[in-house]
Amino acid sequence: MMLRTWISLPMVLLDAYCFCIFVSCSISTTTAPVEWKSPDRQIPMNITCANYSGTVNGNVTFRGLQNKTEDFLHWLLGWGHKSICSFFPKLQGNKEQHYMYGITNLTYNCTYDRLTLLNLTTENSGKYYFKREDVNSTFYYSCYNLTVT
């Protein structure tokens, strides 16, 4: 079994390399994002960000961490001062509400658990956050640090 894994590893790496050469892509460069609980509703000062790299004109997708249908979800830019998009759950007969906000020099698609940045520029480098608020008004954050070259 181990031998089969080692034999197939170069093929997987070659596939990833060929995909990145012929299709715009970015590759996660370090650890996966971690969800941090915030006791004061603010982004924790000691939060650790997952590092991502991207190429100009490429795309990158960040995945939000766990959520439930009753959670309020937000994708944020910078230190959380700019909202990219928000999702509000179905509340007593209402439909789920989804808001997308215009951000200068940022082209994106947003879903409740993914943020895809499109046609990257170096101006898109920086920190992005996934914020989740549960029914008990407890806030959780995940951090993504993007470098575009």
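Cβ from N, Cα, C; glycine included.
According to Swiss-Prot, the feature N-linked glycosylation site maps to Asn46, Asn51, Asn59, Asn67, Asn105, Asn109, Asn119, Asn136, Asn145. The signal peptide annotation in Swiss-Prot covers 1-18.
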Of the glycosylation sites listed as Asn46, Asn51, Asn59, Asn119, Asn136, the one whose CA lies nearest the CA of Asn67 (N-linked glycosylation site): Asn136
Candidates Asn59, Asn105, Asn119, Asn145 (glycosylation sites) - the one closest to Asn51 (N-linked glycosylation site) by CA: Asn145
Under 8 Å by Cβ from Asn105 (N-linked glycosylation site), counting only residues of that chain that are 6 or more apart: Thr121, Glu123, Asn124
Sparsest-packed of the listed glycosylation sites (Asn46, Asn59, Asn67, Asn109, Asn145) - C-beta count within 10 angstroms: Asn46
Minimum Cα separation from Asn119 (N-linked glycosylation site), reported as the residue among glycosylation sites Asn46, Asn59, Asn109, Asn145 that achieves it: Asn59
